[in-house]
Amino acid sequence: MRPLEPELERRRAEHLYRRRRVLGSPQNPRLQMDGQELLSFCSNDYLGLANHPEVIAALQRGADRYGAGSGSAHLVSGHSQAHHALEEELAAFTGRPRALLYSTGYMANQGVIAALLGRDDTIYQDRLNHASLIDGGLLSRAGLKRYPHNDTAALAARMACQSGGDALVAVDGVFSMDGDLAPLPELATLCERQQAWLMVDDAHGFGVLGRGGRGSVDHFGLDRQSVPILVGTLGKAFGTFGAFVAGSEALIETLIQQSRSYIYTTALPPAVAEATRTSLRLLQQEEWRREQLRQLIAHFRAGATQLGLNLMASQTPIQPILAGSAEQALAWSQALERQGLLVTAIRPPTVPEGSARLRVTLSASHTLEQLDQLLEALARLKREADA
Ligand SMILES: *Cc1c(COP(=O)(O)O)cnc(C)c1O
């Protein structure tokens with residue numbers, strides 16, 4: 001048995017050590033972290049629904065009706081009317097015949113890939129794909145081919161070399177650490193030509209992009225033939241918890257029969273499904289939330305560009321500021337915190353070596369005044385760095 005301390009020490013020395021903070025309030029722009037009031041720019045609650053009174057009331061009604069826990073897996077006795085109704089509403093929302101709830105996005109990605117692919121098949125993954133897609137591919141034992149970020153030509157060259165077996169291309173719709181979009185129209189054309197499945201994980205696109213928040217697939221005007229496998233998570237813009245897969249009748253039935261992370265786990269609490277039904281309604285109806293986000297994004301990009309900060313090509317609420325070294329990213333994050341702002345440093349291995357960053361995320365519940373506070377704090381940082 002090897003001692004574990006040296007590896008922990010190495011992480012500390014390389015500024016890669018991760019430490020949890022303790023939240024003492026709801027996930028609001030103004031929150032309480034480790035007992036301190038901070039203005040936060042790092043949640044994925046893009047529409048401000050995580051603490052919405054109607055969503056909370058639905059959660060409470062759900063608990064009154066169904067209790068605290070589901071008590072069982074979906075295939076045993078845990079599949080409630082609340083789960084079933086939410087699945088039907090998500091199918092209608094995504095314009096697909098069926099949708100299936102999973103307990104988390106991590107499990108949905110694992111469950112889909114491992115159910116569809118085996119040893120003789122190949123999975124193609126963008127280098128910046130979320131860890132859950134990568135891990136799902138490994139679990140399936142399919143051959144893994146990664147291609148440079150958003151490089152459709154490189155992907156096409158790799159696909160042309162495949163001999164035998166099924167092919168599946170998996171991508172984030174909106175890349176979680178960069179905020180840019182996958183080139184879905186080109187990927188869809190390529191996959192149609194190669195008879196490959198295209199699987200889009202739109203964890204950061206739903207609620208934010210597309211008509212009525214229908215996500216990146218809708219943003220590009222693609223249909224369910226082009227993108228046969230669509231994954232969404234409910235813990236981000238939906239403000240609740242859980243995930244879903246939307247697709248054809250045959251896809252969903254295959255998952256119900258074979259997807260191990262669907263079958264061998266307890267269903268989400270029905271109250272969470274009930275809360276999500278309300279957040280799905282608000283997410284579609286309240287266009288002003290997306291309008292507010294667009295204004296905040298434009299304001300942030302204009303202000304940060306003026307300061308000479310190194311932004312990335314993102315038009316979404318994920319607005320990273322590149323720092324380079326993990327040490328620099330951490331120093332900026334700590335300096336902002338001394339000014340009352342919470343912006344987390346994202347370091348390797350979550351992002352490639354040398355591209356550590358502050359990951360600023362915006363929410364419809366931020367005000368322009370709060371955003372100006374962030375820009376002023378960044379301006380002070382920049383002045384100190386240049387001095
Ligand atoms: C957050 C995220 C997931 C995981 O979803 P959870 O419900 O949090 O497990 C999957 N894919 C992407 C792209 C994500 O950002």
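In case you wondered, yes, glycine gets a Cβ from its N, Cα and C as well.
In TrEMBL, annotation is done automatically, which means it is predicted and not curated.
If you look up TrEMBL, you'll see ARG18, HIS130, THR350 marked as substrate binding site. Residues near HIS130 (substrate binding site) in space but far in sequence (CB under 8 A, at least 6 apart, same chain), listed by position: ASN109, ASP172, SER176, ASP201, ALA203. According to its DSSP assignment, HIS130 (substrate binding site) is coil.
According to TrEMBL, the domain 'Aminotransferase class I/classII large' annotation covers 38-378.
According to TrEMBL, the pyridoxal 5'-phosphate binding site annotation covers GLY105, TYR106, SER176, HIS204, THR233. When secondary structure is read from DSSP and collapsed to three states, SER176 (pyridoxal 5'-phosphate binding site) falls in the coil class.
What TrEMBL records for LYS236 is N6-(pyridoxal phosphate)lysine. Note: LYS236 (N6-(pyridoxal phosphate)lysine) has non-local neighbours ASN44, ASP45, TYR46, ALA203, HIS204, PHE206, GLY207, i.e. same-chain residues 6+ apart with C-beta under 8 A of its own C-beta.
The Cβ neighbour count for HIS204 (pyridoxal 5'-phosphate binding site), using a 10 Å radius and every protein chain shown, is 29.
The binding-site residues under consideration are ARG18, GLY105, TYR106, SER176, THR350. Their Cβ neighbour counts within 10 Å are lowest for ARG18. Other residues of the same chain near the pyridoxal 5'-phosphate site, with their Cβ within 8 Å of the Cβ centroid of GLY105, TYR106, SER176, HIS204, THR233, are HIS130, SER132, ASP201, ALA203, GLY235, LYS236, ALA243.
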